[in-house]
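Look at Swiss-Prot and you will find GLN87, GLY105, GLU106, GLY107, LYS108, THR109, ASP512 tagged as ATP binding site. Under the heading region 'Disordered', Swiss-Prot lists 924-957. Positions annotated as Zn(2+) binding site by Swiss-Prot: CYS943, CYS945, CYS954, CYS955.
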Amino acid sequence: MFGALIKKLVGSKNERELKRMWPIVERINQLEPELVKLSDEELRGKTAQFKERYSRGESLDSMLPEAFAVCREAGKRVLGMRHFDVQLIGGMVLHSGKIAEMKTGEGKTLVATLPSYLNGISGRGVHVVTVNDYLAKRDSDWMGRIHKFLGLSVGVIVHGLEDYERREAYAADITYGTNNEFGFDYLRDNMKFDLSEYVQRPFNFAVVDEVDSILIDEARTPLIISGPTEDSTDKYYIIDRIIPLLKKGEVIEVEANTLSGKRKTYTGDFTVDEKAKSASLTEEGVLKVEKLLKIENLYDPRNMEILHHTQQALRAHALFKRDVDYVVRDNEVLIVDEFTGRLMPGRRWSDGLHQAIEAKEGAKIENENQTLATITFQNYFRMYEKLSGMTGTADTEAEEFHKIYKLDVVVIPTNRPLLRPDFPDVIYKTEREKFNAVIGEIKELHEKGQPILVGTISIEKSEELSELLKRQGIPHFVLNAKQHEKEAEIVAQAGRKGMVTIATNMAGRGTDIVLGGNPDGLARQEFNGTPETRTEEFMAAFIETLSKDLPEKELLQSLEREYPGIMPVVAACLKQGGEIDLEELERQVLAEHQKQFNLLVDKNKPVCAAEHDEVVALGGLHILGTERHESRRIDNQLRGRSGRQGDPGSSRFYLSLQDDLLRIFGSERVSMIMDKLGIEEGEAITHGLITRAIENAQKKVEAHNFEIRKHLIEYDDVMNKQREVIYTQRKEILGGNEIRESFTGMMEEAVGDIVAAYVIDRTPAREWDWQGITDTVQKVFGFHLDLTPDLMDRITPVNFDETLRTTARERFQQRLTEFGDDLMDHLIKVIMLQVIDAQWKDHLLSIDHLKEGIGLRGYGQKDPKQEYKREAYKLFMDMMLRIREEVVEKIFWVQVGSEEEMEQFELEQPQQRMVFNLVDEEAAAPAQAPSKSKRSAGRNDPCPCGSGQKYKKCCGK
């Protein structure tokens, strides 16, 4: 009560934040009349002035009003787009390192240009992060024009670029790219053998588009670079063959003489828990598996791997559905992103689950992989000095953004009032009744011409609905992972009169749905592409035709059919005589294509404008959801496709008690309410109690998923600190500064390790383990301890430690004289890197094994998290000891042969780089309980540890 009164008097935190920014908006608007008078050159010159002021120590904050005003003026001149006042506020929120929640259609892409330009002035780099390569390329080409016009450089990072192209893109003032590419580049850099090969700069400022998708939906997906193991794949087929012979059972509660008065019993061979996404064998099931696999005890430690793969095979059959969780294409299992409905080529589930699904579908089984480098998105993005983000739906996860990323969410008001009514949910008892009602509503709205966007949660459901619409003779487009190639094109035209579009989840996110159609999109359809793509096609065709050595007339005729209107340009170039300047020809062809394209856009503008008015009169775009998602945020994203920029629209969800969300999390309560109300078959219900029950079910799932993400980051924070130590050590070695001092430090610590392991205080020296001491000293340092009885009597822990150190220094001095300074420094550098990389790889495997079993500590009344921290620390310290020992041992024992062998030794480092040009696509697993995304080194690729050998002969043994 008191809190509500205070809020009424002083406003909410969000209102106070917005109130603080409006005066700055006024200052920006006051600068506009003066900037309008400037020529393009004078406007561009402002950037040089800002850079000069920044170099003299002026802060970016103080330059914000002027820089934003300049950026807005450039947007008007280059794109014909002027930032609205609310977009200026969005830009300020991003610059201050917060999340801007802006509704769909409010121009988030344009907003990002403001903080990007301001922070780009510093020259320290700005990363604009998007969810896929298409958006990264589109935004860099589109919005990048503003930055280029103002004199800033723009780069783009997409899959398939060479290292030199990536380095150039990262060196730009503003770099567009995907979260996966940024993350993998960081991991790849930290596996390289030369600092000059690094592609990334220190992390300065990141603007994350669709921040909820990247920082929350993908937060359970670690990025992993991995190499294959030798394991046979036969075991997956053998286990898969027995799963259909097992009978699914149920958990039954029976009366019992216990504290709760109830006891659980199990029927069948296995039970399934859909909430936890797990499947477990019953006692009967264990006996049956043992009989089928001809083993005595499934729980014998020697059979743990068989048990693990049996459980994964159970999950594959009982919990993962084809055309829902994955599709099979060209004998390959491809994961479907549960949040976007997009296919994720190259991504794989971990811990043998993907192999189990491949066996189930009879697809080719790929080997499991071993981790070489890994990081989560949470820890990657927390490395930026300043992080910000924008999305249409962040407020429901505001608490998580604040707790994990220290990011506050500011809700930006819409430029025009939202006119979209969100109608109450309609609930039916069965899915059949629900789909009948959905088809009825689609038919009714389609007949009057109102465009409809139908949201489904899986490919299976979208195709089922499509079949029903075909039977009714209703024309429609289906947009799911199987038809993703034309995604942006289909979504852009979903607002045309009479259009019916079925889309899985948030497919097409990032593309605006314009009522009446998009003139640019229609022009692209008529033009068969963009001016850029058509020009690329033309140049390829022209060069191919030239090679046929045809007469000029035939040459022009052969191209005229496919590229009408371009021939006068080509003829003009040919008449100039001499060699054809292909670059000049390409420029002129692009200009002609742009002119033709603009004519098509102009032709479509009045058509789309007239259709826009018709669609507005019909009520705008209607969103029809066929199922609630686990997250309210995903439902809000679907609704947000309608009602953009003050346009009318509407939304409604149709549900049934057979939907996954209600069936797993809320069915009993909802079913009880419906029974009490006497709902008959075919009859729908819209009731506040039902809506609240559904929201409570969603909140339960959201809380559960938040706990999983929080749990993951708490565990990964331990690894993050260890990763920082290793990567910092690698960078120092690559920097070459004081590398010999680093080695002597390791040598001194190695002596300390031996003393700590074998020397016992307050115990006579004769009782020490001298066999262990002499063997270890001989193995590590390469010299023999000459011990006499007289010496034994005089040895103390202190003088023994000092004697060992002195002898080790003398031995190192001998090696230095033998090799010379330059060669010794080079040997130290290469050996240190090879040993660190090999030991780090083994350490990651040990950590994976530790994670798998740590949960069992809870049964011993121990906190698994604390146990994990303690054990992970011990594993790390053991690894550091092994690194010291192995580096010292190799330096003291290494032999350098002929000059030819030394040249081969020099070649070992560059081979390390080759692996990154040969790897497959990154593999990030979707959010099925902590899963992994992997990018693998092939069996015959150079080993990522840098040895110069093939992977199968080195770390892949």
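Indices start at 1 and increase along the chain as displayed.
Glycine is treated like the rest: Cβ placed from N, Cα and C.
Taking the features listed in Swiss-Prot, we show where each one sits on the structure.
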{"residue": "GLN87", "record": "ATP binding site", "DSSP class": "helix"}
{"residue": "GLY105", "record": "ATP binding site", "DSSP class": "coil"}
{"residue": "ASP512", "record": "ATP binding site", "DSSP class": "coil"}
Cβ-centroid neighbourhood (8 Å) of the ATP site, GLN87, GLY105, GLU106, GLY107, LYS108, THR109, ASP512 excluded: MET102, THR104, LEU110, VAL111
Of GLU106, ASP512 (the binding-site residues), the residue whose Cβ has the fewest other Cβ atoms within 10 Å: ASP512
Residue among the binding-site residues GLN87, THR109 whose Cβ has the most other Cβ atoms within 10 Å: GLN87
Cβ neighbour count within 10 Å of GLY105 (ATP binding site): 21
Among GLY107, LYS108, the one of these binding-site residues whose Cβ has the fewest neighbouring Cβ atoms within 10 Å: GLY107
Pairwise Cα distance maximum in Å, ATP-binding residues per record: GLN87, GLY105, GLU106, GLY107, LYS108, THR109, ASP512: 16
